[in-house]
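Visitor: Would you mind keeping the following structure in view while I ask a few things?
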Amino acid sequence: MDPEAFSASLFKWDPRGAMPPPTRLLEAAVAPPPPPPVLPPPQPLSAAYSIRTRELGGLEELFQAYGIRYYTAAKIAELGFTVNTLLDMKDEELDDMMNSLSQIFRWELLVGERYGIKAAIRAERRRLEEEELRRRSHLLSDGGTNALDALSQEGLSEEPVQQQEREAVGSGGGGTTWEVVAAVGGGRMKQRRRKKVVSTGRERRGRASAEEDEETEEGQEDEWNINDAGGGISERQREHPFIVTEPGEVARGKKNGLDYLFHLYEQCRDFLIQVQNIAKERGEKCPTKVTNQVFRYAKKAGASYINKPKMRHYVHCYALHCLDEEASNALRRAFKERGENVGAWRQACYKPLVAIAARQGWDIDTIFNAHPRLAIWYVPTRLRQLCHSERSNAAAAASSSVSGGVGDHLPHF
């Protein structure tokens, strides 16, 4: 064996294990660090919001302003509930949903969250109803205006009214996630606070006479005529004064005739039927008479010329028109010939109604309830008082005549 070959193979260096020279070590120490890996561009906030919106099904916009935590809304969406599902649920079903949420996820709902969920659903229902009413009134405005003008002969005037803007409802108790949603989502679901309208200086005075009560209620007409559908400049329909007209006569100029007045009562009946249908669909209590709910519905539908003070002011005139149309027409002709104003005609409508009540046992409530068009209206307090007074006078006259007749037949001592 060659010793040189053996020594060469024994002392052969492995290049993989060889250390670099000192100069190389110094270069490695001062070499710049490698560039960081290129990260994907951050996801835009709007895209994240859209993904979050799809995940929650719109619940974040529904609940954000009512103090519901984001985790609560996420768990409700995880259970499969959407905005449309919650809007169609009753209060009992909402309670069951919240109890299931607490039991399944071991998530204790705050007291404010339980009330906030129901409040948010009620507010969304009202918003959808107002949008539907505005849509219907816009569709019916072309066809309904012509018929209304034919009856009223320019009976309505439109006056711009400056209104204050509504305050937006502040966000509450949701954490940073809600803040991100609010910063991006904006105001599709802005909740508006209703401001109470301050009455214009007409004080209420408690008096026994129902006539004075009706006059006091007339001061609220401006409040009910104010349009609540948003801020800025809106249009308010102001009623022209009534004048006495004969049957079939159209009022001239900026006046309204009595046929138009009676037509308003027929419109109230139609609005009552619509309110009843809506209440039946929701499983709520149906009104059987024209109440404040009907007047609010009429105002939202665009019929702001229908208001409680005016309709109550002339309801006994409409009752005479329904119970005895011939007598009502004769009274209208007589007052038109004499040139009397509508106030005198209104006062004169009481006497025929009292005579009708006298022929039917003085029970004016039964008379109203028995008539299909009058059953939906409350009997005016003034009319009931007049019937009671006339009944007492008739009873006193009858008793005095009986006592006088008996005294004439008594023997004289």
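Numbers run from 1 along the shown chain.
Cβ atoms here come from the backbone N, Cα and C positions, even for glycine.
Quick caveat, the model's predicted, so the values are computed rather than measured.
Look at Swiss-Prot and you will find 154-177, 191-239 tagged as region 'Disordered'. Residues or ranges marked as compositional bias 'Basic and acidic residues' by Swiss-Prot: 201-210. Annotation source Swiss-Prot lists DNA-binding region at 238-242, 307-314, 378-381. Among the features that Swiss-Prot reports, site 'Interaction with DNA' is placed at Lys285, Asn292, Arg296, Gly343.
Relative to the rest of the structure, where do these features sit?
Guide: For the DNA-binding region (238-242), the model's pLDDT averages out at 75.
In sequence order, Ala279 make up the list of same-chain residues 6 or more apart from Lys285 (site 'Interaction with DNA') whose Cβ falls under 8 Å from its Cβ.
Taking the Cβ of Asn292 (site 'Interaction with DNA') as reference, residues of its chain lying under 8 Å away and at least six apart in sequence are, in sequence order, Lys308.
With a cut-off of 8 Å between CB atoms and residues at least 6 apart in sequence, the same chain places nothing near Arg296 (site 'Interaction with DNA').
Under DSSP, residues within the DNA-binding region (307-314) fall into helix, strand and coil as 6 helix, 0 strand, 2 coil.
Sequence-distant neighbours of Gly343 (site 'Interaction with DNA'): no residue of the same chain at least 6 apart has a C-beta under 8 Å from its C-beta.
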Visitor: Provide the three-state DSSP residue tally for the DNA-binding region (378-381): helix first, then strand, then coil.
Guide: 1 helix, 0 strand, 3 coil
